[in-house]
């Protein structure tokens, strides 16, 4: 009864994840309208927005929704707003976020600031191989391998984590200021319009009573 009439294939799902049917502009506009209509004070929505943005710069892919909710709860922000804000990290922006995080992290750690894509993929491959080997070693009694994981942790994960935290902090502070300003202006304008409508109704009723 509630199934889609047009079944989406795997290819279509991937394409729509990278580029939504209405475009990223429409998707962002939709998120903004949902965000500003949340029933909470501007500072709480802005805190949640900042939490979601900050988490989006972390390398913990697949956990961004959960972490955003936790961070929003810690700073007493709006949890729903934090989840909406994680869409700052999307298939289009993630390559730039990752590259910026790696660059900043390596710069702070005093390592090579430029990490080539092939080197990053090789580190992922070696780390994945070590994880699989170590899982199997529990059952077959072979010696565990840690070199690939250690290299991945040193060359990829730590720089990304550190650089992402620094970049995420800067962008989330800016996001807080922007979100607070926009949502505060929207709520003030909405309250003013509601007040005007209420006054108009009262005038109509008072006029009817006089007659």
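Each Cβ is built from the backbone N, Cα and C atoms, and glycine gets one as well.
According to TrEMBL, the domain 'DUF2062' annotation covers 26-191.
The transmembrane segment annotation in TrEMBL covers 51-73 (among others).
What TrEMBL records for 79-100 (among others) is transmembrane segment.
The feature transmembrane segment is assigned by TrEMBL to 156-179 (among others).
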Non-local residues, at least 6 beyond the ends, that sit with Cβ under 8 Å of the transmembrane segment (51-73): 79, 81-86, 88-89, 97-98, 101, 157, 160-161, 164-165, 167-169, 171-172, 175
Mean of pLDDT values spanning the domain 'DUF2062' (26-191): 85
